[in-house]
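K.L.:
Got a structure for you, written out below as C-alpha cells; questions coming shortly.
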Amino acid sequence: MKRQSITILGSTGSIGCSTLDVVARHPDRFEVFALSGHSRVAELAEQCRQHRPRVAVVAGPSEAQQLRTLVGADTATEVLYGPQALEQIASAAEVDTVMAAIVGAAGLPSSLAAARTGKRLLLANKEALVMAGELFLEAVRTGGATLLPIDSEHNAIFQSLPVGFDYGLRECGVRRIVLTASGGPFRDTPIKQLADVSPDQACAHPNWVMGRKISVDSATMMNKGLEVIEAHWLFGVEAERIAVVIHPESVIHSMVDYIDGSVIAQLGLPDMRTPIAHALGFPDRLVSGTGMLDLCRTGKLSFQDPDLQRFPCLRLAYDALQAGGSAATVLNAANEIAVAAFLDGRLRFDRIASLVEAVMTRMPVVHLDDLPTVAGVDGEARSRAREQLEARAGH
Ligand code: NAD
Ligand code: MG
C-alpha cells in the first residue's frame, strides 16, 4: 500500500500534536510531508527532529530564522513562512491528506486550498465552515476533495449516519441530529459569579484538554453554537433539526435520531485521537492510543437541556444560522475578538455574548458571493468588535 503523504496545518496545537501521535503509530501508512507551527518555534523544531517533514511553515521571517537555527543541519526540512506558504503545503501535488487544525479564521485560506486541490481533508478548523460554509462546500465539490470531520461531535454523527451518506443529503430517514455538550467548567457556577471568572478558570475544561480559544468557547458554549452551524453545512440539516443536549460526562459524542425511533450514537473516552484516527484511517480502523471505554467504571451518564440564560452564545449561533448569509461570519469574527480580549484580561467573561450580539445587530446580513466578500465582512465585524471593546473599556 502506498503511504499517505500528510500535511498538518497547526501541528503544534492540541489537535496537531494528537494527530502526530496517531501518525507516528503507523509509519507503514503515513509519511509527514509538512508541518506548520506559526509562532511556536521550539515545539515545531522538536517535531521536525522527530518527524522529518519535507517542509515546515512558521509565521514570518524571524520565526523562520529561529527555526532554521534550531533544526540546524539536523534535518533536510525546508523552512517557509507566511499565509501563502500555508496554502502551498495544503495544496502541494505530493500531498494526499491535509489535517486542517489551525485555530480560527486564520485557517480558512489553507483549508480552502486543500479543498480546491481535491485532498482528503480532515477538518478540525470549524471556524472555516462557520464563516464561509457555502463557498467551502463548493470548493470541496469542484475540487473533488473528501471532507472528513474531526470535531468529535461531527465525527460521531458521521459514524452514526448510513454508510455512503452524501454530504448535503437531507433525507435518509434522519429525524434530527443531537449534539452533546459537556456544559464546560461553568455549567453549575452561579450566574452572578461568571462576571469574575479568570481565563485560567475558563480554560480548565472538565473533560478535554484543548487550545485556549476553543476552551473559552466551550465555557460560553459558543463552541456548541459554532458546531450547530458546522453540522448544518456538513450534513445539510436545517437548524430546527439540530438539537443540543448537555451531557457532562462526555462519553456519548453525539447521536443521530431516525424516523423509526432508532437512535445511533458513537461513544468513547474524551480523547481526540479517536476521531483523528477514524478520519486518518477511514474506512479502515486504526489503533489510536486511546484507552478503552469501560462503562461500568464510568458509572452514570446524565443529560439535561442547555439553559440559554446561562449560555446566550448558543442562542446567538442559532440566530445567525437562521439569518443565513453573512450572519455566521459576523458571529465568528466578533467572537474571536471577544475571546482574545477576555484571554488578555480586557473583557469580562459574561460580556463576551453581549459584545458579539452588539456587533451582530449593527451589521446587515448580506449574501456571501465570494471570498473577498467573506474577508470584507470578517474585517468589518472585527473592527466593530474592537470599537465595542473601546466603548466598554473601564465600564
Ligand atoms: P491550539 O491553540 O492548541 O493550536 C492552534 C494551532 O494553530 C497551533 O499550531 C498554532 O501555532 C496555529 N496558529 C495559531 N494562530 C495561527 C495563525 N494566525 N496562522 C497560522 N497558524 C496559527 O488549538 P486546538 O485546540 O488544536 O484547535 C485547533 C482547531 O481545531 C480549532 O479550530 C478548534 O476549534 C478545532 N478543534 C479542537 C479540538 C480540541 O480538542 N483541541 C476539538 C475539536 C475541534
Ligand atoms: Mg467538538
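Even glycines carry a Cβ here, placed using N, Cα and C.
As annotated in TrEMBL:
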- 6-133: domain '1-deoxy-D-xylulose 5-phosphate reductoisomerase N-terminal' (DOMAIN)
- THR12, GLY13, SER14, ILE15, ASN125, GLU127, GLY211: NADPH binding site (BINDING)
- LYS126, SER152, GLU153, SER182, HIS205, SER218, ASN223, LYS224, GLU227: 1-deoxy-D-xylulose 5-phosphate binding site (BINDING)
- 147-235: domain '1-deoxy-D-xylulose 5-phosphate reductoisomerase C-terminal' (DOMAIN)
- ASP151, GLU153, GLU227: Mn(2+) binding site (BINDING)
- 267-383: domain 'DXP reductoisomerase C-terminal' (DOMAIN)
K.L.:
Quick one: of GLY13, SER14, ILE15, ASP151, GLY211, which binding-site residues lie within 10 angstroms of LYS126 (1-deoxy-D-xylulose 5-phosphate binding site), measuring between C-alpha atoms? Sequence order, please.
P.N.:
ASP151
K.L.:
Sequence gap of 6 or more, Cβ distance under 8 Å: name the residues on the same chain that satisfy this around ASN125 (NADPH binding site), in order along the sequence.
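P.N.:
In sequence order, LEU9, GLY10, ALA100, ALA101, ILE102, VAL103, GLY104, GLY107, LEU108, SER111 meet the Cβ cut-off.
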K.L.:
Distance between THR12 (NADPH binding site) and GLU227 (1-deoxy-D-xylulose 5-phosphate binding site) at the Cα atoms, whole Å?
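P.N.:
Cα to Cα, THR12 (NADPH binding site) and GLU227 (1-deoxy-D-xylulose 5-phosphate binding site) are separated by 23 Å.
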K.L.:
Among the binding-site residues GLY13, ILE15, GLU127, GLU153, HIS205, name every one whose Cβ is found under 6 angstroms from ligand 2, counting any of its atoms.
P.N.:
GLU153
K.L.:
Out of LYS126, HIS205, which of the binding-site residues is least crowded by other Cβ atoms within 10 Å?
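P.N.:
Among the binding-site residues LYS126, HIS205, the lowest count of other Cβ atoms within 10 Å belongs to HIS205.
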K.L.:
Among SER14, GLU153, HIS205, GLU227, the binding-site residues in the record, which have a C-beta under 6 A from ligand 1?
P.N.:
SER14
K.L.:
What are the helix, strand and coil residue counts for the domain 'DXP reductoisomerase C-terminal' (267-383) according to DSSP?
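P.N.:
The composition, in the requested order, is 69 helix, 2 strand, 46 coil.
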K.L.:
Determine the Cβ neighbour count for GLU227 (1-deoxy-D-xylulose 5-phosphate binding site): the number of other Cβ atoms within 10 Å of its Cβ.
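P.N.:
Around the Cβ of GLU227 (1-deoxy-D-xylulose 5-phosphate binding site), 29 other Cβ atoms lie within 10 Å.
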K.L.:
Using a 10 angstroms cut-off on Cβ to Cβ distances, just flag whichever of THR12, SER14, ASN223 is the loneliest among these binding-site residues.
P.N.:
SER14
